[in-house]
Amino acid sequence: MSNITIISSDKNWLVHAAVEQLKSVSKLPGVVKAIGLPDLHPGKTPVGAAIITENIIYPHLIGNDIGCGMAMFMTDLEKRKLKLERLISKLSKGINNVNFDEMLLKEINQARNNQNSLGLMNKSKNSENLEEVLLQAPEYEKSISSPLGSSLGTIGGGNHFAELQETESVFDEETFSHLGFDKKQIMLLVHSGSRGYGQTILDESIKLYEAQNGLQSTSSAAKEYLSKHDNAIFWAAINRELIAYRILRALGINTHTIKLVDSSHNSVSIKECDNKLLYIHRKGASPSDAGAVVIPGSRGSLTYLVMPSDNTCISGYSLAHGAGRKCERSMCKSRLENKYTKETIKYTKFKGRVICNDNNLLFEEAPEAYKNIDTVIQSLLDFGLIKVIATFKPILTYKNN
DNA sequence: ATGTAC
């Protein structure tokens, strides 16, 4: 009997290669179940997938960007007071003007002090360990060539971004306000991860232990990986907070903000099920057993705030992490350069705008490069996995370091 | 997705 489940429908197109990748990983030793979410697409290993194992951990299934995720912050800026051109002009100057270790730590503490505690800040680790954990990345940070530089607080490339959004529709007012949302306020969504730190952790695990063969869960190698993995999860969450702080500072908006939702879609977590210890490897898959989740579409489509259902065993306790790539990166430019110039591509159909100095990336991350988020969400609804709380509309997407 | 090499 197949150990594969794919959460999809006829309307939700999936590329064959991704399904083949899912089949391939489903046959790895110790894999109990391989789940394809509706945003399943090919990567080094399948993206939009949850792989459940027993007794074995596969670092390569989580990939290099351990801890990558989506954090949504509520800003102090009211929707009615937003002046887009002014914000664009401010943000175009960049967000990083602190590049020294000591200053960086001060800045991080400032960023954290500026966030009202809803009990979310210390979710993964105690904040007292902040400096210790952050500086446990020293081998990586010190290896960065620029003097005293740090990658902490930087967005990175690829599909990473920071984006101002406004509430489009609220479908569940009670949950919306219970989570702390206020539709009058502008939201800030940050998608970033552990930068080179996670990469170093993956490289080390593969170099030392041939991670393609997996790490026996009782081995010291597995314990070492999991410990570093946890640090990367924490580091990535702080990274998103610091990015939010820097964006708001650059915009001249009150940097006091509230992080309402944050979840990582690249991680491994341990879950006890039927007296068995399961390792849930998520690669481009958000957890559906840890509260509300933000699922963005693209800069030209809506972002969804959803509440997972109580029992999501069928999807490996996971949800789609976005719309899923439809068009290969290398194909985007040629396919879209008749439709857009390098200037017109900075405008979206919602009258949103993009700040991005990388011309290729503007095309690679164009809305047309992604599937329809509404169809992806519909598949999650069809399988009874979520309830939609609200949708948000992108206003300004920032895609530089 | 990454830092680095080209």
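Placed from the backbone N, Cα and C atoms, the Cβ positions cover glycine too.
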**Per TrEMBL, member of A:Lys83, A:Lys90, A:Lys399 binding GMP alongside A:Asn159, A:His160, A:Phe161, A:Ala162, A:Glu163, A:His265, A:Asn266, A:His321, A:Gly322, A:Ala323, A:Gly324** = A:Lys399
**Prompt:** Going along the chain, which residues six or more apart from A:Gly322 (GMP binding site) have their CB under 8 A from its CB?
**Reply:** A:Asp39, A:Asn159, A:Gly284, A:Ile295, A:Pro296, A:Gly297, A:Ser298, A:Tyr370, A:Ile373, A:Val376
**Request:** For A:Gly324 (GMP binding site), write down the residues of its own chain that are at least 6 apart in sequence and whose Cβ falls under 8 Å from its Cβ; none is a fine answer.
**Result:** A:Pro38, A:Asp39, A:Leu40, A:His41, A:Val47, A:Gly48, A:Gly284, A:Tyr370, A:Lys371, A:Val376
**Request:** Between the Cα atoms of A:Asp65 (Mn(2+) 1 binding site) and A:His191 (Mn(2+) 2 binding site), find the distance and write it as a whole number of Å.
**Result:** 12
**Message:** When you rank A:His160, A:His191, A:His321 by Cα distance to A:Asn266 (GMP binding site), which of the recorded positions ends up on top as the closest?
**Reply:** A:His321
**Message:** Cβ neighbours within 10 Å, counted over all protein chains: which one of the binding-site residues A:Asn159, A:Asn266 has the most?
**Reply:** A:Asn266
